[in-house]
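Down below is the structure, laid out as structure tokens.
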Amino acid sequence: MTARIGIITFPGTLDDVDAARAARRVGAQPVSLWHADADLKGVDAVVVPGGFSYGDYLRAGAIARFAPVMTEVVDAARRGMPVLGICNGFQVLCEAGLLPGALTRNVGLHFICRDVWLRVASTSTAWTSRFEPDADLLVPLKSGEGRYVAPADVLDELEGEGRVVFRYHENLNGSQRDIAGVSSADGRVVGLMPHPEHAIEALTGPSDDGLGLFYSVLDGVLAG
């Protein structure tokens, strides 16, 4: 059995090719999903990649969440399909109501493009089960609206339920409580602002630490 991982492309998506390459790198079959698709083509998991979907008009992810393919993603996620949102994809998942909170302008209002260290705060998700608790990952961060914010009670709930998945070592964008990524209550949906798909081999990225997310979901799919 080969796991099929759907990779969504919206107008303005930049990192779909990189996400597909990461899926292939771990032995999965990437399946292209266009924003207007009305079905998910039988995939086992979905990646909503980074970029500037629909030009980030209104606000990042606000239009993409209404795309036909997202209707299918929301339904599939609520039935337990693993979904990963990276950067703009994280913003889309928050706009779609699959993850709590929102992403807003970085502190200082500057676009940040840096390799950053993350700590794995939870291994109890479909996308982080391969990691050791508190593992450190080196991955690229590239965003202008990457500051994670949520009401205090939501942040407390995320902390209390172990749903903070990644934290920044150095908080460059001002995210509340150093949060770089969070999960849904069932751990099947994960969003993070940095880019694991750009850290899949030392030749082209700062590390191969990002492969762990893709191996994790592959393990889950193959285990049935």
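Cβ coordinates are placed from backbone N, Cα and C, and glycine is handled just like the others.
Straight from Swiss-Prot, the features:
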{"type": "ACT_SITE", "residues": "Cys87", "note": "active site, nucleophile"}
{"type": "ACT_SITE", "residues": "His195", "note": "active site"}
{"type": "ACT_SITE", "residues": "Glu197", "note": "active site"}
{"type": "DOMAIN", "residues": "4-224", "note": "domain 'Glutamine amidotransferase type-1'"}
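Across the structure, Cys87 (active site, nucleophile) and His195 (active site) place their CA atoms 7 angstrom apart.
Annotation note: the residue listed as 'active site, nucleophile' sits in a coil segment as assigned by DSSP. A C-beta separation below 8 Å, combined with a sequence spacing of at least six in one chain, links Glu197 (active site) to Asp15, Asp18, Ala19, Arg21, Ala22, Val47, Pro49, Ile86, Gly210. Figure note: comparing Cβ neighbours within 10 Å for the active-site residues Cys87, His195, the maximum is reached by Cys87. For the recorded site, Glu197 (active site), the DSSP three-state label reads helix. Taking the domain 'Glutamine amidotransferase type-1' (4-224) as a whole, pLDDT averages 96 in the prediction.
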